[in-house]
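To keep things clear, I will list the structure first and then write my remarks on it.
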């Protein structure tokens, strides 16, 4: 049995989802000859560190009861730098201004010989090529399946499952909140403000929804796609962005009468990066409803491959993180 | 640069598609540090063998002009057994009665230390577990992405891209001919016989369409899914099969009025294997039209992931074969 030690940096919904997934899939993982051992967890309150392996259920319970996982005052930096392990799972919240604290966590990990798996879009939308280069220079894995599309494995699909294909273009719906709002507005003929409020009550939209509805989240994801799949050294600032806040129920109704739906579509591939509302024929593979995410990938050999699934949720995001962790465990 | 030598056994549309893909993607493949060298090609007329690498364009031209690739009388068996190489691409036609000649080609390859990549469903629908076991016993790869879904990478998706997930169930449309016939019947309100004739004229259906329209091809694919994903040691005879020949335009019209389409759906996961026409809501992710194939995969962590694309075509099939070849080249 190969033991792979990891730390979880950031212990909110995603970090806890990773802990729960490792617990629930222990038998499955062991069957593959792999023993995943979490030796450290960090949140903003401090750390828990145990080189024999942390009691994950205990950590989740303590977090719930006390608001922090911390049992010692060491920082995430200390954990990443000084505790021996192979992989950090960086799951702190996305910050699109300067990428912190995720960016520093990732740089520290790559500098101290640790592989990085992350769900944090901020550092990748700002410094993708630096991070990739540093990982390559140090012979380390840098994997980020869960940053785009939630449970939908877009990068694994393109880089591994469809190896041999050159991607010509990608279009997708990469923000479940916008998709939910546009779907409900069209189906119920309700104005934007009302549906946004409903989405906030259901926990589908944040109290400050700017990041989603102005297309910023979609743009970050598109930047990661452009860097990862098209090797374009672009950042968030290179995306032409239009959000969904100005769409009216009347526009959606007119579209519907002509057999179209309106979707916030991300497009990459022709040298430009665009996030904007687009008319999509109702029977088009991109016309998925609710909170679903979808990516339609045009390739030279396989033609067009379309994949859809849940774009958010702690267990769904953890699913993509776990696939990255297992990829590293199998190949290192 | 790592040189991987391969043979192509069967040089019809798929085998030639593989040769063309290797030619057109040479730069891409070399960039990954891999040199693919085809040292032998076999068809029913004989073989071409060259341990320095065959002129693939010359082989395709000769096949077109003379009907065979053969430049010597050696058989496929001789090529597989006696010529040093790492991978055979088995692309002879599917035979569901006894799996030959593909079955013998694969057994010979695995017995003589060669990895197997195949597009041939027959041997897998009859002897999957034997082939898998023999490959494992000999430490060899046995890969078959192109047998199901054409260009849609179902197995790579489940086994690699979504590693960590347990698959609960799979539903899919796995035969493009049936999907085309049902789509056209519904859209044009035409009877089965007329649309079948149209499909035959377009080359979408065979002169003898039994294999497709009676659900046999779908059943073979479902058996491969059941073996590969659910580890069920089942064969073609374990599938409950109903074809599409008895579906009337009236039934499709009635379905449409209620916002349904009729599709030939393959289902695996609850211990039974079924191929049968089913009512599918028009907005359901499985409701793809034309000749498209689709698989909807229900998992424990990622939830439902749906993937669609072209289910047939020589380059599309070659795309899946190439991804398998590259997987072996990277990991051996």
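Positions of Cβ are set from backbone N, Cα and C atoms, glycine also.
Per TrEMBL, active site, proton donor is recorded for A:221. With a 10 A radius on its CB, residue A:221 (active site, proton donor) counts 26 other CB atoms from all the protein chains. In the three-state DSSP scheme, residue A:221 (active site, proton donor) falls into the helix class.
Feature annotation from TrEMBL assigns NADP(+) binding site to A:10, A:11, A:12, A:13, A:14, A:15. Within the same chain, residues at least 6 positions away in sequence whose Cβ sits under 8 Å from that of residue A:10 (NADP(+) binding site) are A:42, A:43, A:90, A:91, A:92, A:93, A:102, A:120.
Annotation comment: TrEMBL describes A:121 as NADPH binding site. Residue A:121 (NADPH binding site) counts 26 other C-beta atoms within 10 Å of its own C-beta, drawing on all protein chains shown.
Under the heading L-homoserine binding site, TrEMBL lists A:206. Other Cβ atoms within 10 Å of the Cβ of residue A:206 (L-homoserine binding site) number 14 in total over all chains. DSSP assigns residue A:206 (L-homoserine binding site) to coil in the three-state reduction, placing it in neither a helix nor a strand.
The domain 'Aspartate/homoserine dehydrogenase NAD-binding' feature in TrEMBL is assigned to A:10-144.
The domain 'Homoserine dehydrogenase catalytic' annotation in TrEMBL covers A:153-326. On the 0 to 100 pLDDT scale, the domain 'Homoserine dehydrogenase catalytic' (A:153-326) averages 94 in this prediction.
Here the binding-site residues are A:12, A:15; the one with the fewest Cβ atoms within 10 Å of its Cβ is A:12.
For residue A:206 (L-homoserine binding site) paired with residue A:221 (active site, proton donor), the C-alpha to C-alpha distance reads 18 Å.
With DSSP states grouped into helix (H, G, I), strand (E, B) and coil, the domain 'Aspartate/homoserine dehydrogenase NAD-binding' (A:10-144) comes out at 63 helix, 25 strand, 47 coil. Cβ neighbours of residue A:11 (NADP(+) binding site) (same chain, under 8 Å, six or more residues apart in sequence): A:19, A:41, A:42, A:43, A:59, A:63, A:69, A:91. When the neighbouring Cβ atoms lying within 10 Å are counted for each of the binding-site residues (A:13, A:14), the highest count belongs to A:14. Reported as a whole number, the C-alpha separation between residue A:121 (NADPH binding site) and residue A:221 (active site, proton donor) equals 7 Å.
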